[in-house]
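K.L.:
Okay, here's the structure, questions in a sec.
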Amino acid sequence: PTQCDNWVRTSNGGHFASPNYPNTYPPNQECIYILEAAPRQRIELTFDEPYYIEPSFECRFDHLEVRDGPFGFSPLINRYCGLKSPALIRSTGRFMWIKFTSDEELEGKGFQAKYSFIPDPDFTYLGGILNPIPDCQFELSGADGIVRSSQVEQEGKTKPGQAVDCIWTIKATPNAKIYMRFLDYQMEHSNECKRNFVAVYDGSSSIENLKAKFCSTVANDVMLQTGTGVVRMWADEGSRLSRFRMLFTSFVDPPCSGNTYFCHSNMCINNSLVCNGIQNCAYPWDENHCREKKRNGLFEQITRTHGTIIGITSGIVLVLLIISILVQVKQPRKKVMACKSAFNKTGFQEVFDPPHYELFSLRDKEISADLADLSEELENYQKMRRPSTASRCIHDHHCGSQASNVKQSRTNLSSMELPFRNDFAQPQPMK
């Protein structure tokens, strides 16, 4: 690093060179130069003669690397080596990242470069007059505080239609560091870091102290190692809707003293920040047990914590009570029967015992009478046939056997006794 200190800076630009220039540069060297122009300016880089860097295929050995931006991962402009100095190099923004590297063998004279700042043509009016840069500076200090972009418009630091380029300088309490956490963050043109971004510096606003730069859709927490932090916001005319709101907290390293609170994340914050309704620790340890520490009144507890539960329960009970009343009103009333003192067993027996009917008794009597008359007539008929048969047999006996077979058969038929069987007995009475 001591051999890379040959860097001269001025307000309009500067110049730098490889170690030992114009003599041979040493082996195993790595020098990084980050050039930063003012807002709405660009950088032009030129190389002087003599110029010599060990030539190689695709400049894989000794080389000079130039990138368009402030980081080592910014877009690569080109790698340079060989005997011929590079042509004019111009950035597209206000930053340029340059690295010189040498290997173990085959060194050369190196290079010397000059750079200057030129107006950015994207921010010029007709006639080439550059819009003046607004004076937008803020300062904050204390145990904690809020950095917010809305302060620019509230205090009239910029006019409508102008770009925003503002700086917030934060001072922590004595012997303390700064922890920053974004509460609100929105970029109108996300991932377009040349149009709008929020940068955080640790110690000063120099590019070497750049801690983080946010231009996408997410902004992470930042832990600074010094007591001075710088927040810078840049938004062009088409990105005025970009905004952010950041909380900064002063903290010291453990062990914590008597007037500080341990955050369980290598942080000790002031006791006044505990249970203040804002998460000052990296994790919400300072706001987790606030109900136990603060004894609120009965009315405050009901309105804040238990008001919702009590209201819901009361509503449910009221609805059930109304339903019960409606059911009782619509339900029919029961009729009450008066009990009699005397019990009529005869009447009760007549009601529940069905009467006995003899349906066939009359008809059975008539049939029995008819059968008795028929039986009597048959007996009379039998008596009448017996005398006639006896007289006829006597007459035949005296008259000889001249009777024909026919007559004999008739006589025999007439003399035959027809058996009579009275099957029409009187039926048994029906039960």
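Every residue, even glycine, has its Cβ placed from backbone N, Cα and C.
Please treat TrEMBL annotations as automatic predictions, because they have not gone through curation.
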K.L.:
Looking at TrEMBL, which one of C215, C256, C290, C339 makes a disulfide with C275?
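P.N.:
That would be C290, the partner TrEMBL lists for C275.
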K.L.:
Candidates are C256, C263. Which one does TrEMBL pair with C281 through a disulfide bond?
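P.N.:
Recorded partner, per TrEMBL: C263.
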K.L.:
If one measures from the C-alpha of C268 (disulfide bond) to the C-alpha of C281 (disulfide bond), what distance in angstrom results, rounded to a whole number?
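P.N.:
That separation, Cα to Cα, works out to 9 Å.
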K.L.:
Under DSSP, the domain 'CUB' (136-251) has how many residues in helix, strand and coil?
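P.N.:
Going by DSSP assignments, the domain 'CUB' (136-251) contains 11 helix, 59 strand, 46 coil.
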K.L.:
Express the distance between the Cα positions of C256 (disulfide bond) and C290 (disulfide bond) as a whole number of Å.
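P.N.:
Taking the Cα atoms only, C256 (disulfide bond) lies 20 Å from C290 (disulfide bond).
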K.L.:
Whole-number Å only: compute the distance from the Cα of C31 (disulfide bond) to the Cα of C281 (disulfide bond).
P.N.:
38
K.L.:
Of all the disulfide-bonded residues here, C263, C268, C275, which one's CB has the most other CB atoms within 10 A?
P.N.:
C263
K.L.:
What is the interatomic distance between the Cα atoms of C263 (disulfide bond) and C290 (disulfide bond), given in whole Å?
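P.N.:
Here the two Cα atoms are 14 Å apart.
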